[in-house]
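K.L.:
Positions annotated as Mg(2+) binding site by Swiss-Prot, on the basis of sequence analysis: N10, E381. According to Swiss-Prot, the ATP binding site annotation covers K17, H204, L205, G206, N207, G208, D279, M280, R281, G327, I328, G329, E330, N331. Taken from Swiss-Prot, the feature substrate binding site covers R87, and the record attributes it to sequence analysis. Residues or ranges marked as active site, proton donor/acceptor in Swiss-Prot: D144. For H176, R237, the entry in Swiss-Prot reads site 'Transition state stabilizer', with the evidence type sequence analysis.
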Amino acid sequence: MSARNILVINCGSSSIKFALVNEAQEQFPLSGLAERLGSPEAILHWQQGDERDSLVIAGADHRLALSHLLPIVQRVAAGELHGIGHRVVHGGEYFSGASRLDAVSLQAIRQVAPLAPLHNPANLLGIEAAMKLFPTLTQVAVFDTAFHQSLPEHAYRYAVPEALYREHGVRRYGFHGTSHRYVSQKAAQMAGLPADASSWLVAHLGNGCSTCAVENGHSRDTSMGLTPLEGLVMGTRSGDVDPNLHSHLARTLGWSLEQIDSMLNKDSGLLGLSGLSNDMRSLEQAREQGHAGATLAIEVFCYRLAKSLAAMSCALRRLDGLIFTGGIGENSALIRSKTLEHLGLLGFALDPAANARCVRGVGGPIQAAHGPLVLVVPTNEERQIALDTLALLD
């Protein structure tokens with residue numbers, strides 16, 4: 001049987017990220033982005049090998065954008081497209097793994113949409129459009145939350161009245177599960193350990209950030225909670241704050257819940273601390289030039305990250321190593337170094353030369369000779385979604 005092709009789709013409210021994944025090839029035969037959907041500036045960008053191209057699709061919605069994408073995908077796949085994998089942010093307690101898309105699974109995704117109002121409705125737009133355009137293809141949903149359904153109850157429950165959990169699903173769900181699962185499996189391979197008999201601390205650091213404790217291939221705790229706002233300092237998200245901050249701002253400043261939610265999700269984190277940018281690359285450059293806000297943002301980011309990793313270690317009975325992944329985790333030697341400075345009590349130490357080498361897609365071990373294993377592992381959520389989709393084709 002020839003190698004199979006899976007189209008992976010990740011839909012936002014006005015965008016579609018996509019990748020054509022061939023199970024026998026490391027590089028994607030095709031990848032790209034449709035952005036500014038629903039506006040006169042809507043455009044489709046794609047890359048095939050070293051070639052890049054664009055197509056103006058003014059006013060296109062998700063379905064029309066996918067209809068423009070279809071012939072490009074079929075040409076690159078030589079007419080051999082075997083399935084479509086959709087990233088879905090929230091699966092609630094319904095999904096502990098990937099699921100074929102049908103009327104039942106679609107209804108479940110709709111039911112948990114209030115838990116991810118910024119994400120699930122957009123994911124559904126792409127799913128519904130793709131199912132109309134590709135009615136004969138198997139389509140699969142892969143959930144950010146599914147990997148964390150293995151959390152024990154003492155890790156996922158909030159200390160709030162029981163009825164809020166039983167009747168309204170108020171609990172910790174966690175996110176970035178596809179990435180945490182992929183890199184922990186890769187780390188086990190790199191270390192020569194079985195994935196189902198190894199334990200890892202994982203730091204997924206991008207514009208969104210989370211940590212995870214992975215034991216024997218299962219998530220045991222993670223820093224994000226009911227929503228992706230809980231936990232670490234992120235690009236524009238505050239992470240953990242005093243839960244009374246909402247009522248304090250409402251009483252003292254007269255802010256509405258919508259204003260407070262917007263501030264915590266869009267104006268906080270690295271951007272709020274620095275007053276400059278949510279981009280770690282810009283902040284590192286500004287820090288070099290003496291910018292006080294950028295310096296503070298980096299210090300807070302690294303301290304809070306180290307604190308979270310130390311807390312995650314409580315969920316493990318042994319520790320085989322620490323993994324850095326995501327755009328920041330894979331590319332910022334400074335963030336890795338400053339974070340591990342706070343974790344000396346756990347024995348972590350870096351080899352500066354190895355740490356400096358692991359950027360721009362280069363992974364590998366970066367620990368000092370005497371310290372516990374520390375790995376930079378480039379994530380590949382698209383490939384993991386494709387693998388999960390292929391598993392449901394068999």
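Positions of Cβ are set from backbone N, Cα and C atoms, glycine also.
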K.L.:
Ranking the recorded positions K17, R87, R237, R281 by other Cβ atoms within 10 Å, which is at the bottom?
P.N.:
R281
K.L.:
Would you measure the largest Cα separation among K17, H204, L205, G206, N207, G208, D279, M280, R281, G327, I328, G329, E330, N331 for the ATP site and round it to whole Å?
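P.N.:
The span, Cα to Cα at its widest, is 23 Å.
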K.L.:
Sorry to bug you, but what's the C-alpha spacing from the residue listed as 'active site, proton donor/acceptor' to E330 (ATP binding site), rounded to the closest Å?
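P.N.:
About 20 Å separates the two Cα atoms.
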K.L.:
List, in sequence order, the same-chain residues at least six positions removed whose CB sits under 8 Å from that of N10 (Mg(2+) binding site)?
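P.N.:
Set apart from N10 (Mg(2+) binding site) by at least 6 residues yet with Cβ under 8 Å, we have I16, K17, F18, H86, R87, G126.
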K.L.:
Based on Cα distances to E381 (Mg(2+) binding site), point out the closest of the recorded positions D144, R237, D279.
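P.N.:
Comparing Cα positions, the candidate nearest E381 (Mg(2+) binding site) turns out to be D144.
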K.L.:
Spatially, which candidate from the recorded positions D144, L205, R281, I328 is nearest to H176 (site 'Transition state stabilizer'), comparing Cα atoms?
P.N.:
D144
K.L.:
Provide the number of Cβ atoms within 10 Å of the Cβ of E330 (ATP binding site), excluding the reference atom itself.
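P.N.:
Within a 10 Å radius of the Cβ of E330 (ATP binding site) lie 23 other Cβ atoms.
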K.L.:
Roughly how many angstrom lie between the C-alpha atoms of R237 (site 'Transition state stabilizer') and D279 (ATP binding site)?
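P.N.:
R237 (site 'Transition state stabilizer') and D279 (ATP binding site) have their Cα atoms 12 Å apart.
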K.L.:
Roughly how many angstrom lie between the C-alpha atoms of L205 (ATP binding site) and the residue listed as 'active site, proton donor/acceptor'?
P.N.:
15
K.L.:
Using Cβ atoms only, which residues of the same chain lie under 8 Å from I328 (ATP binding site) while being at least 6 residues apart in sequence?
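P.N.:
Within the chain, I328 (ATP binding site) has Cβ neighbours under 8 Å at L205, G206, C209, M280, I335.
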K.L.:
Are there any residues at least 6 positions away along the chain from N207 (ATP binding site) with a Cβ closer than 8 Å to its Cβ? List them or say none.
P.N.:
M234, G235, T236, N278, G327
K.L.:
Tell me the Cβ neighbour count for D279 (ATP binding site), meaning other Cβ atoms within 10 Å of its Cβ, over all protein chains shown.
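P.N.:
D279 (ATP binding site): 16 neighbouring Cβ atoms within 10 Å.
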K.L.:
Quick one: of D144, E381, which of the recorded positions has the smallest count of other CB atoms within 10 A?
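P.N.:
Counting other Cβ atoms within 10 Å of each of the recorded positions D144, E381, the minimum falls on E381.
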